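Novice: Input: one structure, supplied below.
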């Protein structure tokens, strides 16, 4: 028998050598493939990260491009005015017609509704309303403004709110971009009014009459005042007619130029305290009592002899108002509730009395 060399002789079989070599080649190929895949993954991750970072940077530049390049943004006073102006990429501003006198209540209702939707209603998932803001201006009655990108989002936010007249998207008015900034502009009040300050009417039936501030609005654009009314206690008979019960009623003067010519001239009545019984005698059925000491007459409210109403500051003279002695005495004579030390300068009153005595 021919002698040979085999595994039993301590030598490696030739087939095993081939198998081992093939296994090494396959392992090397698999490792190379894994390395290639790892490099591709790393490269792809790096590319994606770079893309995301670039996209993020682009978004930030787009969002803050108007103030980009500034090392310190600082306060709003440091930012150029044109950089704060809205543009086409900002949300739109929609004007909404509402009931006059309910503007603030409606804005507050929208705010509460937005908070409720944000927290979730009746166990439902939170669903924030697609509006950015809502506000109103005291100088623009019957209007509120809602900031949103879509008309439909505004209508959804206003759904179910009492006092809103715009119920469909076509009833909303888009505010032009050039007018948006003016709606958020507040006029700086040079002369700040305080309760007890003296003012005068600029125009109307009481032009030049003295009034006193009894309340100041939140934004300072409106104030509550009281003044001595001018009620005509001797009305012309042609201005009145009798109803079926024989009660005198003010004649309907109609409208237009003819009606204006028929109306009584201004300042024909002297300022005097409001006495309900006397006014009721001259104007029967036209004086109504509301509450303990408030009376309504010709759509005006009266308390303690004064007429009280809310007016715009722009309709008043607020600087260098010097009451005359007669005006001060008229105010003091109407009610004893006025605190003289607070509402009247006693030194000024003494000077006025001296001047009156000299004359």
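Placement of Cβ uses the backbone N, Cα and C atoms for every residue, glycine included.
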Novice: Which stretch, out of 231-250, 251-270, 271-290, is listed as region 'Disordered' by TrEMBL?
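Specialist: Here TrEMBL associates region 'Disordered' with the stretch 251-270.
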Novice: Over the span of the domain 'NGN' (92-184), count residues by DSSP class, listing helix, strand and coil in order.
Specialist: 35 helix, 20 strand, 38 coil
